[in-house]
């Protein structure tokens, strides 16, 4: 039964990722006053399926000088971790109801760094290695702020469990009292998923394609799926943390529908940002984090720790 549940979670995620690629191409197309893909199927709806067939039927090339086992393992690990991160997410019920769901997601996203590092190192290409080192530095840096912001939100919620957040936000979305945290969280998720304007790892002008430059066909598709699964995942967490979802036990469909709509709107915002902003310079990216976000998030975290301690000493006003 667990296997059936697992498949019922994985297959929709992969389908969502497939159609997110189409949505991205269509959105960017219309923002640049053109149509986007419209040949394969009605209005280009079958384009992702055609792309998948093309990629998975190509010959899996690998460089002669590469470390074979690592080269093959890296994309598999990337996708496995991207899909594993979904397990504690309440939609409205999680696949595994974890007591420390937030901690699990943080740990899994930290492990994703290894797949990037392996792919860059095993490719035995200078472009791939530079891209991988950039990606690792960027991901590790922005995880610091993500963890501190999560801690601040969890202090308001009072629990590490994700379903508790919907109970916390029954009367008021957390984005309203904690909007600076929400803004910093959103920008950090952009950087964490290597999206524009922080897509320095795949800077076409200087690094060809970043850490996946030597990958082709199926293995490239696995990295691609992992990247887009992480984008949807991050937006789903943003929705759960800040755009509270009212859970009515008699109408679980309502929760799922509102969750889906909010996540979709957040994802479209990601695409909109990609169409609008140029790429950051690498030093600007690091300055933004270490000199702006980190002091701010630490200050806000201390604020959220001190307020309950301060108010605990006030006697109840009866």
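Cβ atoms here come from the backbone N, Cα and C positions, even for glycine.
Residues or ranges marked as transmembrane segment in Swiss-Prot (evidence: sequence analysis): 2-22 (among others).
Feature annotation from Swiss-Prot assigns transmembrane segment to 70-90 (among others). The list of residues near the transmembrane segment (70-90) in space but at least 6 beyond its ends in sequence, with Cβ under 8 angstroms from a Cβ of it, reads 9-10, 13, 62-63, 96-98, 101-102, 104-105, 108-109, 111-112, 114-116, 118-119, 121-123, 162-163, 166, 214-215, 219-220, 222-223, 225-227, 229-230, 233, 236-237, 240.
Marked as transmembrane segment by Swiss-Prot: 100-120 (among others). For the transmembrane segment (100-120), the list of distant contacts is 70-71, 73-75, 77-78, 81-82, 84-85, 87-89, 94, 128-133, 135-136, 139-140, 143, 146-147, 150, 154, 160-162, 192, 201, 211-212, 215, 223, 226, 230, 237: same-chain residues at least six beyond its ends, Cβ to Cβ under 8 Å.
Look at Swiss-Prot and you will find 140-160 (among others) tagged as transmembrane segment, backed by sequence analysis.
Residues or ranges marked as transmembrane segment in Swiss-Prot: 172-192 (among others). Under 8 Å from some Cβ of the transmembrane segment (172-192) lie the Cβ atoms of residues 109, 138-139, 141-143, 145-146, 149, 152-153, 156, 165, 198, 230, 234-235, 237-238, 241-244, 270, 273, 285, 288-289, 293, 296-297, 300, all in the same chain and six or more residues away from its ends.
Panel annotation: around the transmembrane segment (217-237), residues 13-14, 16-17, 20-21, 52, 55-61, 71-72, 75-76, 78-79, 81-83, 85-86, 89, 91, 105, 109, 112, 115, 119, 189, 192-195, 259, 263, 266-267, 270 of the same chain, lying at least six beyond its termini, place a Cβ under 8 Å from a Cβ of the stretch. Annotation comment: Swiss-Prot describes 217-237 (among others) as transmembrane segment.
Within its own chain, the transmembrane segment (253-273) is flanked in space by residues 20, 23-24, 27-28, 31, 91-92, 166, 190, 195-197, 231-232, 235-236, 238-240, 243, 245-247, which lie at least six positions past its ends and keep a Cβ under 8 Å from the stretch. The transmembrane segment annotation in Swiss-Prot covers 253-273 (among others), and the record cites sequence analysis as its basis.
Annotation comment: Swiss-Prot describes 294-314 (among others) as transmembrane segment, evidence class sequence analysis.
Remote same-chain residues near the transmembrane segment (294-314) are listed as 144-145, 148-149, 151-152, 155-156, 178, 180-181, 184 (criterion: CB distance under 8 Å, separation of at least six residues from the stretch ends).
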